[in-house]
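**Q** Could you have a look at this structure, given as structure tokens, before my questions?
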């Protein structure tokens, strides 16, 4: 049977009423767990995987796909509404999405996220079906030097979130980089900056830092500055996307997909990098760049599409090479294995029915997510009408719930020399970083660069050191391939162009100032 | 950075900013000191496990100086008046949750956090909000621990089920 | 909130009945690697054989498993439902990292399987066999980059032993650590590193598909199912077996330990487990209880000597 025939057959199976019901249940469960801050799609799928064991292979696959998409969408919802990213790939979404929600445009933000995710998931899944072998070849050509160049490009995107002060933006970034040093160094096995604390050997968990800085830091900040109004406007204008919103969203959806899909397919890419790059691209291309930082819809549409596209991209190396490149992919592997499916280079040849069944399931689950969530947007944004005290009390409850559920580690702590208590170290970190988040807000430091530094720093360091070890210390390897050179040139442009434009702009402003003071 | 005249009224140097500068310098020293106690491990790469820490420490030192400089120029943004007691309530709630979680279980510990947070935003009294928090947390516990098999610590209240 | 309530109703209807023998297995490695596969195979066997109704696997990767081990020692204390998968790599990593936690702090249950180290090159590589690799290594040890697991692990030790056996300074090998099987495999397939060294199972499907060429296997004697000469047959006097084990939490009572041991024993005797071993090409080197504890002690001492020899531990 040819590709189309197999896909059509898979779709027919997936569209049977019983299977649609499984998809619906999967999406609902996935969303319910996925909304917990700190619990991303990987953990959601892992937690809920046993539920699928009881079904027949087709039903199981389709519910599984539903859980996966639901888990991803759940993370975005809390990012937008509560400024509490559910997982590292939806951190960028919080930047613009929450600003939109506060300005009464939570509906359009959720809608552009949902529709963007759908569009990206659709295109990327079709991409998975038809161009996987090509994409995987490109992904494998990425070595440490190319990854390092990609990280440099991603670093440039941080400056897009710097806000109005380079000093404070850089400081925030380096706080993140400093935190990224903590833990055991992979290449030598040495513990760095762990100060003999075993809990620190694992390094700082990205989601813990993000939840603390965003959710707890903000709760502290809002509570302490009661007089100053950071009022939330629940709804202003339509709950739905206006014609203008559509016009501004569709290009970012497509660009986000184009960025996210290949990066997701790279064995060491990671969904976050796609979202960073997409955010930066949208800021550069926006008609109204001044809206960025104040709720620009492009800044939600692009990264959300990139996130979903990269999730489908992850399946490319998994299905074509048997390489599970993310935690989610590894858990999927466990899911496949229950049907005796052994992902690997020969999978498409030996098990076409199940592979196409999975692809069809992803398409259907993706559609189900949209069908389920668009009508629910009206319900979701009602969350914002909850009075502030209850709202923040609830946010803190859910923020800590996610952390407790994701990391059950405890250490014995001696209280005032009187008695010992089992205490969750991760909750202690949550509190410490929450206070850091408050301090950063108080003095006008941006939050996002801290998290970005923590994610990108260790990746960049490991890739650089791998590249230089392979070349035996020859720095030329860093510009040794066309891909690396192009990425580095892009990075340079991304830094220099705005500087140049700003310098020109500031010249004008200075001239005006001088004129008016005379 | 060309605001000069508008800032005359502001107190200079900005003392809080100087404290930040000092903190950044301390971070730089701690990173460098901790790194200096490591062995080297760079074989062929020349960039070893100490290179990045030293680089980051150096940048922190630079940022510290820059921050001090801006503190004297008064380049930091205006800050609004802050109330301390709400912060203490929230921090207290988080500490209580952290300490009680394993002993008293999820519902009691998180119920207290809920009530303390509501109190920070001016909603009370505690004898009303604590029960609300307890019930909410308990419902959450049932949904996520029983229904979805998330591992949440159980205390006396949860063990009734 | 409406959705939560809805979800809870559905979840309640679907939720499995809580069983006594639920297990959480920690795989102290990134997804896709050997320990991860072991943990997930245990998950399959325990569930399919109805020994446990619900088994969760979580991954805590890094530094030869010592990060996961530290976390396990911290969080699992006294909890008989938590298990950790580990192996020979951990023995070495504890030494090289001067880890604050050691295998003495957990409760060893059983050695489950053993796997041999394979050396592979991409299909397009000009290295055809062990002799070709040795010649390259002797000419310039730095020019041969080895892609494998974390520093001080079995892969690293095997590379060092090989270098030493052919008369190359083992401290001069150019070893590149990757945090998980998937990432290392991608680098090998993409030709980013000269050779790959890891457990045979991690390369098997790529070898069968002709994308990788195996040039040697670290077993004592030829393994039937593997079409490759042993290191010894190629004139390199090295053999090494990467065994994998399962251990339980610290602070268990004798009864709790016996219960876990009984479950594991049941699993190992099961048809599902035997089929998994056969499918994955893992040798059954089951050794349980006190015998295993004694063997573990012996291995720890032997490894310390090897690591010192090749300069990984001072």
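A Cβ is built for glycine as well, from the same backbone N, Cα and C atoms used for every other residue.
According to TrEMBL:
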| type | residues | note |
| --- | --- | --- |
| TRANSMEM | B:16-34 | transmembrane segment |
| DOMAIN | B:19-153 | domain 'DUF1468' |
| TRANSMEM | B:54-72 | transmembrane segment |
| TRANSMEM | B:84-114 | transmembrane segment |
| TRANSMEM | B:126-144 | transmembrane segment |
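Describe the structural surroundings of these features, if you would.
**A** Sequence-distant contacts of the transmembrane segment (B:16-34) (same chain, six or more residues past either end, CB-CB distance under 8 Å): 53-54, 56-58, 60-61, 63-65, 67-68, 70-71, 76, 79.
Along the domain 'DUF1468' (B:19-153), the predicted structure has mean pLDDT 86.
With a cut-off of 8 Å between Cβ atoms, the residues of this chain six or more beyond the transmembrane segment (B:54-72) that come close are 12-15, 17-18, 20-22, 24-25, 27-29, 31-32, 35.
Listed as Cβ neighbours of the transmembrane segment (B:84-114) (distance under 8 Å, sequence separation of 6 or more from its ends, same chain) are residues 120-121, 129-138, 140-141, 145, 152-159.
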**Q** Could you put numbers on the helix, strand and coil content of the domain 'DUF1468' (B:19-153), residue by residue per DSSP?
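**A** Computed counts for the domain 'DUF1468' (B:19-153) are 99 helix, 0 strand, 36 coil.
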